[in-house]
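Colleague: Pasting a structure below so you can have a look.
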């Protein structure tokens, strides 16, 4: 990875020192976790391996019952959660009642299968969501100890919409503290582990959801994404995850909520699935009245798309892209050329080097991050809490405290420097819009490395630059799994399209799902 010639010498030195420290630390992490991974039990139910749309079809046509599906999900969650710690709260009793009602609706024949498809396309299908999206009667902690007794009084908009179409919410999955880190760990529920190697991370903030979907614990999941929180867990866990175009899916019912309309455009709620074919119908429900803006049912001819790609963003303080991920992307480029005669154009968009500066600056508001995790928020109180954490006496995670400390400094809201990064964001957005038009997609790494060891991200903190910058620009983006690395860990890429062209991302995901095999069952990964 080459740094920009204009990168200050001091930053170059810090960048290369960090790379060296991270490489040395990797040796110690690998020795510490050597032969410590726990294998998951195999998936014994074929129902759990099928797409959500197929499960729904079988329920409508009485080939299986909702009760059968739900019981398989419950059994699978119980089988894997001791190893993964991804599922944090259930509503099984209420879900079983709703499953019986769904089965009765099918059984009594008052509506034909076609009518059910139109009115309740996911009738009887169990799903899960992360513990920051409100589900009536369940906790909504967002991993914050001071919120551990908070109970959601109503469903978030996306949960309400999915339930209105017959889907059955069965429980919540784990998140990092305040949903603002890319390893899932908090001081209420603990740390979540990767189904492919339990010594590795699951990503964040929808990390528990990513792990549960990879392990086939529910039929589909819902995540949210302000800096990569759907796409990174999807990448690390080998599943599909879609961040919608800005202002398409309602964010109402999450905690914390963006405290300005501008920041609200960064946040997206979207589906996380094992099969690409499920993304579109779930998104169509979640988008509600905005679905018509996406033209999701308009046919997409993949062979007519213009394809662009970039392998590295060359951003300071981030890692170079792993060779396995680079190879996977080039295989996609080759496949498109052989199968569809598409000649993908490699790009070197230099502004992407400034991805983290743009994201951090654009995320600044008058409300400080520390106020979410501490009652008496201030510079010295953060320092005090960091020392308390070191000796094991803090309610907060170390990374959340460091984030609060960084937020205390840095670019000041509404300063000239802040405005300059807003301008740079606008410039980059226009550049992408001009490039993509209505028939273009951009292939880009979701993350530069496969899943790291637990705690290792603190030494590679800026690696989420590949996803975060896309949130700033408001574009739709889909993580697409592309097999396993040499270490048996999931790898993949993200595909990005212009505003409201989500259907291009989804069509591309379906194409590559068929071509490269998509989700791989975890216990078969070695």
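Each residue, glycine too, has its Cβ placed from N, Cα and C.
All TrEMBL annotations are machine predictions without curation.
Bear in mind that the values here come from a model prediction, so they are computed numbers and not experimental data.
According to TrEMBL, the record shows the following:
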DOMAIN    69-506  domain 'Amidase'
ACT_SITE  130  active site, charge relay system
ACT_SITE  205  active site, charge relay system
ACT_SITE  229  active site, acyl-ester intermediate
Colleague: Given residue 229 (active site, acyl-ester intermediate) and residue 205 (active site, charge relay system), what distance in Å do their CA atoms have, once rounded to a whole number?
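Modeller: For residue 229 (active site, acyl-ester intermediate) versus residue 205 (active site, charge relay system), the Cα atoms are 5 Å apart.
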Colleague: Count the other Cβ atoms sitting within 10 Å of the Cβ of residue 229 (active site, acyl-ester intermediate), across every protein chain shown.
Modeller: 36
Colleague: Could you tell me the C-alpha distance between residue 205 (active site, charge relay system) and residue 130 (active site, charge relay system) in angstrom, no decimals?
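Modeller: Between the alpha carbons of residue 205 (active site, charge relay system) and residue 130 (active site, charge relay system) there are 8 Å.
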